[in-house]
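Colleague: According to Swiss-Prot:
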ACT_SITE  D318  active site, proton donor
BINDING   N177, E243  Mn(2+) binding site
BINDING   I180, Y181, R182, R194, W195, L196, R199, G200  prenylated FMN binding site
Amino acid sequence: MKYKDLRDFIHSLEQRGELRRITQPVSPALEMTELCDRVLRAGGPALLFDAPDGYRFPVLGNLFGTPRRVALGMGVDADDNATLASLRDIGRLLSALKEPDPPKSLKDAGKLLSLAKAVWDMGPKTVSAPPCQEIVWEGDDVDLHKLPIQTCWPGDAGPLLTWGLTVTRGPNKTRQNLGIYRQQLIGRNKLIMRWLAHRGGALDFREFALKHPGQPYPVAVVLGADPATALGAVTPVPDTLSEYQFAGLLRGARTELAKCLTPGVDTLQVPARAEIVLEGFIHPQQGAPAPAPEGAPPRPTAGAAAGYEHALEGPYGDHTGYYNEQEWFPVFTVERITMRRDAIYHSTYTGKPPDEPAVLGVALNEVFVPLLQKQFSEITDFYLPPEGCSYRMAIVQMKKSYAGHAKRVMFGVWSFLRQFMYTKFIVVVDEDVNVRDWKEVIWAITTRVDPARDTVLVENTPIDYLDFASPVAGLGSKMGLDATNKWPGETQREWGRPIEMDAAVKARVDRLWTEIGLS
């Protein structure tokens, strides 16, 4: 089933028993987090808080709290058993878009042309009088405190906007970038835009600051987009394809867009049926900035982007299960807020796995597999355990062909997608080991690994800024474990032969099993 907007998706989830309305008053400060966390850990439904304490906007939480709801959001109507396989089909689509196979026949050429036509046909279209601009706040009416922005954890620095799709464009690009970056509320119309240096929004901003120093940088933030667009923003879409086009492919209908209303931001387009849109700028720093608080990291001084307004962000509880350190990020000044009538505020929380980002990671893991297999045909399976904070550990299953092959795969994974830049640990196993079963993975590590021979350590590599275990923020080491059977040249000893029961005996016991009454 395809969904034209968030409300359509909510209605469908409610009919399926996948969404529960909460009519009792619940505070966005801590209480929603506790409720959502308990429900998510139990595999429960999405929650729509109809009466958030002190606010008039309903709050939607846990929307993608199960892999099945992620698949439904991508337009795949599958039962729980078929969900992961359906997500791999989406990965195959992305793989074909990223690197099409050369056609081997007229039939293959026809398929390639059909795919190209489908992508072309799904180019977004601009509409007039969009629902997302039914209500407009301008001037003194712009007040972010009117929105039920969650404060998720007791030690958080303040309310945090979490599910905003940030729309940016670089100075030399026609394609808009969609990214999800958390944003700390620091004033009536001020948010801190926490985008890490390698993310698309930060790259667009730096390029703009270099080409147009001292000019305000336009930004739009979308709250409550349709599920295909929201999930497109967290999917590794090829650079040649916009997230809006990919959302159209998932939805089976072109994404309808609206031009922003604010002069200077009207170069950006947002989903026409979004619930709430924030329009504004990152402004150049006016005058000398205030000195950094005692004990805080120094203000950024290098690069053209350093000349823009920055503020100290955090600390916040994060997907690691810890509060992160404070750091400087640009300030986003909101000039205008547009919304639908009876708008819904979409939110989430992050914390020790499992949380909603971890569930998204489990689902997107299946999208990654065909992409990896396209580049590395020897990879037979791939798993990012949610306990590893979504991406910090990867287990790779491969068909090994020569000595040293596992190490080649490690370095290939680390360098393939931006999403794997921050993967600290990679364990490589053979085809006989189920990468989703910790018992089998631990067995392979403890029986097939010599720590000195089979451990790869790489120093001074990019690492997640939130990883406080690294000695320097943003720079740390990586470790690979070769837990495959060793080939000649990798060991001088006779390798162990796995124990396996005789097939005829197993068949005999299968027949006896029921007779004995053990089943």
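Note that Cβ sites are derived from N, Cα and C of the backbone, with glycine treated the same way.
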Colleague: Within 8 Å of the Cβ centroid of the prenylated FMN site residues I180, Y181, R182, R194, W195, L196, R199, G200, which other residues of the same chain have their Cβ?
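Modeller: After dropping the recorded site residues, what remains is T166, G179, M193, G201, A202.
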Colleague: Over all pairs within I180, Y181, R182, R194, W195, L196, R199, G200, the annotated prenylated FMN binders, what is the largest Cα to Cα distance, rounded to whole Å?
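Modeller: The widest Cα-Cα gap among those binding residues is 14 Å.
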Colleague: How long is the line from the C-alpha of N177 (Mn(2+) binding site) to the C-alpha of W195 (prenylated FMN binding site), rounded to the nearest angstrom?
Modeller: 13
Colleague: Tell me the Cα distance separating the residue listed as 'active site, proton donor' from R194 (prenylated FMN binding site), rounded to the nearest angstrom.
Modeller: 13
Colleague: Whole-number answer please: how many Å between the C-alpha atoms of L196 (prenylated FMN binding site) and the residue listed as 'active site, proton donor'?
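Modeller: L196 (prenylated FMN binding site) and the residue listed as 'active site, proton donor' have their Cα atoms 14 Å apart.
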Colleague: Within 10 angstroms of the C-beta of E243 (Mn(2+) binding site), what count of other C-beta atoms is obtained when all protein chains are considered?
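Modeller: Around the Cβ of E243 (Mn(2+) binding site), 26 other Cβ atoms lie within 10 Å.
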Colleague: Say we define neighbours as other CB atoms within 10 Å of the CB. Which of the binding-site residues I180, L196 has the fewest?
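Modeller: Each of the binding-site residues I180, L196 was scored by Cβ atoms within 10 Å; lowest is L196.
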Colleague: Is N177 (Mn(2+) binding site) helix, strand or coil when read with DSSP?
Modeller: strand
Colleague: Tell me the Cα distance separating E243 (Mn(2+) binding site) from R182 (prenylated FMN binding site), rounded to the nearest angstrom.
Modeller: 19
Colleague: State the Cα to Cα distance, in Å, between I180 (prenylated FMN binding site) and E243 (Mn(2+) binding site), rounded to an integer.
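Modeller: It is 12 Å, counting Cα to Cα.
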